[in-house]
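**Q** Next up is a structure, given as structure tokens.
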Amino acid sequence: MSSLFHKDKPRYFRSVKPVYNESLPKVYIETYGCQMNSSDSEVVASIMQANGYSITENLNEADIILINTCSIRDNAEVRIWGRLENLHIEKKKRPSLLVGVIGCMAERLKEKLIERDNFVDLVVGPDAYRELPQLVRAAEGGQKGINVLLSREETYAEISPIRLDKNGVSAFVSIMRGCNNMCSYCVVPYTRGAERSRDPHTIVREVEELFANGYREVTLLGQNVNSYGWENKEESVNFAELLEMVARVNPSLRVRYSTSNPKDISDEVLYTMAMYENICNSIHLPVQSGSTRMLELMNRGYSREYYMSRIESIRNILPDCSITTDIIAGFCSETEEDHQQTLSLMEWLKCDYAFMYKYSERPNTKAARHYKDDVPETVKSQRLAEIISLQGKISLASKKKDIGKSFEVLVEGVSKRSTEFLYGRTSQNNVVVFPKENLKIGDYVYVEITGCTSSTLIANVVAE
Ligand code: 5AD
Ligand code: SF4
């Protein structure tokens, strides 16, 4: 197969969207897991496109299928194995089809993925995506390839991702990779390696390019954005400073970020958010448990009281800020009392939305090595159900409080229910559905909230 560019020096496209070329081999990328994985898939698309492959949205015409995988909980991996089984049937029908596993599961399972007869042709971990074209070429020649080396430096800093999003308005921008936190339940430090921050100037350039291409919202991504830190001989940049640099790209560009760790979120970041109207008033601050004993076992680095004090700072400095969180039910040795502490913290916090999970033991983590996964499955399910039910009530009440208020919304797409309606989000990251009128995707509009469900606000347009 021929490469579009000189083999040793791939050039990265300035275009932000896939360039379709019928005559080139086609790559289909399927993404599971977090926003970081979605962002990585866009880097992978860019690397493949710069090396003579065309990106397709149609699986049936693909020559190569790359599955970008997640290992965070056992059920994520079970789902992906199911998908690989389907693709195995597809491979029997089309023997030239190549299937590659990339991302966290590739890193965790390594050659175990290749050992399974004719399921997978290549396995590439999150820090080895520059090697993908070479490994795909080897696989085209019948040689199974694997590269799961983790790096202390790789940030794909200068690669312009090919945007795979549908709306052309909001984009993810990765600002760092890896994680140094070592929460005892979490597989991420093992699958994504040590934390490293990306050159802020390449971040700003990427954001400027997005704005020039019509994007109006960026979400800065990292496992723990508050510990972002980059320096060379002349300058050093922390997260608050980076946030300011990005906010200054254009006042019409919304800036969001995820994920914050409660132990590291600083007042400096909160004051920077207060200073720039285009930095959205929304913070995702995973608490995981309301019990200090559990938080210690989880190695989170904060207590219930410290988490509450960070929330108080957010509410003082950013009174309109929405807060979302993550909660794990049934971690090792969790008692009914610990669980009640989680419920009481939720009542106090009244967060706008929560991602809620049952603890799932991950091989080789500190928890798997040192603690017993001893909360019975039925108890985990019962506690999770109680957490979900409580959050449902809190989310609905928080939506109802918005009825009668006005918000500025960025128009992001056409409502799934009716083409006469559009949807967008408030600064607080709440989804709003409103009549289409003469609005286009990418416009800002003022709306007044007239009603809600537990997940969506309904509104009228008040000013375009
Ligand atoms: N089991 C259950 N939930 C987990 N999370 C991370 N690891 C696990 C695990 N082993 C959750 C945490 C984290 C979110 C991304 O996933 O709540 O914040
Ligand atoms: Fe993302 Fe973690 Fe899943 Fe990897 S394991 S894809 S970092 S959620």
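Each Cβ is built from the backbone N, Cα and C atoms, and glycine gets one as well.
What TrEMBL records for this protein is below:
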| type | residues | note |
| --- | --- | --- |
| DOMAIN | 25-141 | domain 'MTTase N-terminal' |
| BINDING | Cys34, Cys70, Cys104 | [4Fe-4S] cluster 1 binding site |
| DOMAIN | 165-397 | domain 'Radical SAM core' |
| BINDING | Cys179, Cys183, Cys186 | [4Fe-4S] cluster 2 binding site |
| DOMAIN | 400-463 | domain 'TRAM' |
**Q** So around the [4Fe-4S] cluster 1 site, Cys34, Cys70, Cys104 aside, which residues have their CB within 8 A of the centroid of those CB atoms?
**A** Tyr32, Gly33, Met36, Asn37, Thr69, Ser71, Ile72, Ala76, Gly103, Met105, Val188, Thr191
**Q** Under 6 Å from ligand 1 by C-beta, which of these binding-site residues make it: Cys179, Cys183, Cys186? Sequence order, please.
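**A** Within range of ligand 1: Cys186.
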**Q** Among the binding-site residues Cys179, Cys183, Cys186, name every one whose Cβ is found under 6 angstroms from ligand 2, counting any of its atoms.
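**A** Correct list: empty, so none.
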**Q** Roughly how many Å separate the Cα of Cys70 ([4Fe-4S] cluster 1 binding site) from that of Cys186 ([4Fe-4S] cluster 2 binding site), to the nearest whole number?
**A** 12
**Q** Among all chains shown, work out which of the binding-site residues Cys34, Cys104, Cys179, Cys183, Cys186 has the most CB atoms within 10 A of its CB.
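**A** Within the set of binding-site residues, the most crowded position is Cys104.
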**Q** How many Å lie between the Cα of Cys104 ([4Fe-4S] cluster 1 binding site) and the Cα of Cys183 ([4Fe-4S] cluster 2 binding site)?
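**A** Cys183 ([4Fe-4S] cluster 2 binding site) has its Cα 17 Å from the Cα of Cys104 ([4Fe-4S] cluster 1 binding site).
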**Q** In three-state terms from DSSP, label Cys104 ([4Fe-4S] cluster 1 binding site) for me.
**A** helix
**Q** Give me the sequence-ordered set of same-chain residues, not including Cys179, Cys183, Cys186, with a C-beta within 8 angstroms of the centroid of the [4Fe-4S] cluster 2 site's C-beta atoms.
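**A** After dropping the recorded site residues, what remains is Asn181, Met182, Tyr185, Val187, Val188, Pro189, Gln223.
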